[in-house]
Amino acid sequence: MAAMATTASSLLKTSFAGARLPAAARNPTVSVAPRTGGAICNSISSSSSTPPYDLNAIRFSPIKESIVSREMTRRYMTDMITYADTDVVVVGAGSAGLSCAYELSKDPSVSVAVIEQSVSPGGGAWLGGQLFSAMVVRKPAHLFLDELGVAYDEQEDYVVIKHAALFTSTVMSRLLARPNVKLFNAVAVEDLIVKEGRVGGVVTNWALVSMNHDTQSCMDPNVMESRVVVSSCGHDGPFGATGVKRLQDIGMIDAVPGMRALDMNTAEDEIVRLTREVVPGMIVTGMEVAEIDGAPRMGPTFGAMMISGQKAAHLALKALGRPNAIDGTIKKAAAAAAHPELILASKDDGEIVDA
């Protein structure tokens, strides 16, 4: 009961259900102020202060070089051991993959491993279109930005983040602060684990090793088992749509027709609608959906990436038998958690215990 109630409390603080969160549930540092022309922009307050040390006479605490090596190695190897068998593996840390992992991380009972072949996660979400800075997000995906506390300039049907990196860095920092998540960047997924017609994990290797198989002798991979794999590998390219391409190679799907020409208004709705479990054990999200279904590309608008990622997370939660927004069990869990005869909630809602 305690675990169920904690999960309900955590997952209900989501924009996925479609209703605007009350102000108290949003980032407390975010305020709303009118802008010229009637537009609204979330503004983040900040304060300046003197650093708590003398910048003219700074001296760091002494350390042995071997300690640094041991700390990095021990912690990384511990993570590899911990996540060798995990609940969900998210392949690809672009806007859809990060949104998916963030949503999953709200359930503290679900362990999430995010695998990204690049040193720098974020995919194409560090910039808008044509290497411009601003990110356009169509409504109602701005509710997800409200939840994260990302500032934006509000227009009638869309919002604009002044720099795409604000979204990517915020969702990433919020995600990585959760104790049930580990990001393995500079790691490539080379294959899938498939048993009896069900995807059961991924085959991994260092990204630089994966890129140099033709220049060295055999360099065998590692593996990571999981109950669910979420493939968010993006559209076609050297590392794009690799999940669905591999499914085609091994005969689990018939074809990967590729995405159609750009149509923003059709594309975003289609991407979210078609986000699903394409074969047992594997959910496809983001632009990889367009590759497998021949949906239009959307170009430089990012709302569908966020909402598709959230939907993929709730599909994964459903597959795990956890409260989710797909079958409405989040609301049922919340209703049970609301009865004082069943649970006691701490004042700050951080812990819930059996009554």
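Here the Cβ of each residue, glycine as well, is placed from N, Cα and C on the backbone.
Keep in mind the model is a prediction, meaning the values are calculated, not measured.
As annotated by Swiss-Prot, substrate binding site applies to Ala96, Glu116, Gln117, Gly124, Val189, Asp220, His235, Met287, Arg297, Met298, Gly299. The Cβ of Ala96 (substrate binding site) lies under 8 Å from the Cβ of Ser232, Thr285, Gly286, Met287, Met305, Met306, Ser308, Gly309, Ala312, each of these being in the same chain and 6 or more residues away along the sequence.
Annotated 2,3-didehydroalanine (Cys) per Swiss-Prot: Cys218, in sequence order, evidence recorded as sequence analysis. There are 5 other CB atoms within 10 A of the CB of Cys218 (2,3-didehydroalanine (Cys)), with all protein chains counted. Cys218 (2,3-didehydroalanine (Cys)) carries neither a helix nor a strand DSSP state and counts as coil.
Residues or ranges marked as transit peptide in Swiss-Prot (evidence: sequence analysis): 1-42.
Across the residues annotated as binding substrate (Ala96, Glu116, Gln117, Gly124, Val189, Asp220, His235, Met287, Arg297, Met298, Gly299), the widest Cα-Cα separation comes to 38 Å. For Val189 (substrate binding site), the same-chain residues lying six or more positions away in sequence with a CB closer than 8 A to its CB are Val91, Ile115, Gln117, Val202, Val203, Thr204, Thr242, Gly243. Other Cβ atoms within 10 Å of the Cβ of Gln117 (substrate binding site), summed over all protein chains shown, number 26. According to DSSP, Ala96 (substrate binding site) is assigned to a helical segment. On the backbone, the CA of His235 (substrate binding site) and the CA of Cys218 (2,3-didehydroalanine (Cys)) stand 29 Å apart.
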